[in-house]
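Undergrad: According to TrEMBL:
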type	residues	note
DOMAIN	A:4-64	domain 'HTH tetR-type'
DNA_BIND	A:27-46	DNA-binding region
There are 2 protein chains.
Amino acid sequence: MKKQKTRDHIVEAADQLFYQQGYEHTSFTDISDAVQISRGNFYYHFKTKDDILDAVISARMDKTRKMLAQWELDGSTPQGRIECFIRILITNRDKILNYGCPVGTLTTELAKLNHASREEANALFTLFRTWLEEQFILLGRSKDADDLAMHLLARSQGVATLASAFHDAKFIDQEVAQMCDWLNAYMPKE
Amino acid sequence: MKKQKTRDHIVEAADQLFYQQGYEHTSFTDISDAVQISRGNFYYHFKTKDDILDAVISARMDKTRKMLAQWELDGSTPQGRIECFIRILITNRDKILNYGCPVGTLTTELAKLNHASREEANALFTLFRTWLEEQFILLGRSKDADDLAMHLLARSQGVATLASAFHDAKFIDQEVAQMCDWLNAYMPKE
DNA sequence: GTCTATAAGTAGATAGAC
DNA sequence: GTCTATCTACTTATAGAC
């Protein structure tokens, strides 16, 4: 465990602010205000703003991997584990209503900016995609496991976008229930 | 018909650039380069950059209303008209692969910027939402017409986001086919 | 109506004191 | 490691000539 308190604080604050305000719209002043350091101090820890973004994406990758590993423990069946994925919409309901999906909004923004780290951000999607694919394979759907993974990713993504636009919590609950129904009706029974 | 050639050119170029690069990331220099006018000339036609955004949103509202009116003519049944909506994903496939959905990406960006015109952009979503709701009512689904409209909007939105992230045209075609199946299987036959 | 010149502010980034 | 002071580039916006 390295002692990098300030660096970690910067990454944590930048992570939140990039999510809430967008990457480009977040200035060094915003981050330094949040971390309570001077703007100059940044450059001891990072060379450029892009480097902070890379650190944020890397931190999100780690957090996501840990969450997926936890879901492996939480759900005893593939269905149960996929339900864990569907339910993040409810777990993070309030944040999603205000700021949308952290993965979708970042990849969308970086795509418009044609940013060098675009693909790194997309890897966050791939993490979920591959994990979901594995679960569908375990359900005996190896032929279309990736299609089902993409389908579910897209459904969640659309729900987050619309729920955020209309600030509609009920819509999230409704669609989550529908996705769970879809999962149980569409999949072979054990 | 007012003679406002330059003004219209500005709105048209801004519309494209806001879609391709995002609102904040697009500078007056970008727009003036596209229109081939000087930066100073802007302020004869618009007071602020926000005013250009409002004009762009207003133009998109007009274009959308005309498109919806055209779909009323193109489809003889509510099913057929809803299919027109589903198929915009295919009609605009190339643009969506590169820049996502113009409505979804704009509302998402303005939400993060906490921009004054956020609700004006959301009205674009509402235009589709209300129109779809009307079609589902005509199909005899007045009880859950709005839920169905929101469901379909979210599906399309998610498909656009994922297709853009992974630059996957096949995924669009696949999901469009599924949405059409859903529409025909789920809806009462005539 | 369109231009050039320029103001006023903010962005990311650097230098050097402590 | 953290600070202050500063630089350069770029942003929106204005003033005034043509």
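Glycine is treated like the rest: Cβ placed from N, Cα and C.
Distances, neighbours, how buried they are, the whole picture for these features please.
TA: Mapped onto DSSP classes, the domain 'HTH tetR-type' (A:4-64) shows 48 helix, 0 strand, 13 coil.
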Undergrad: Which value does the mean pLDDT take for the DNA-binding region (A:27-46) in this predicted structure?
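TA: When the pLDDT values over the DNA-binding region (A:27-46) are averaged, the result is 97.
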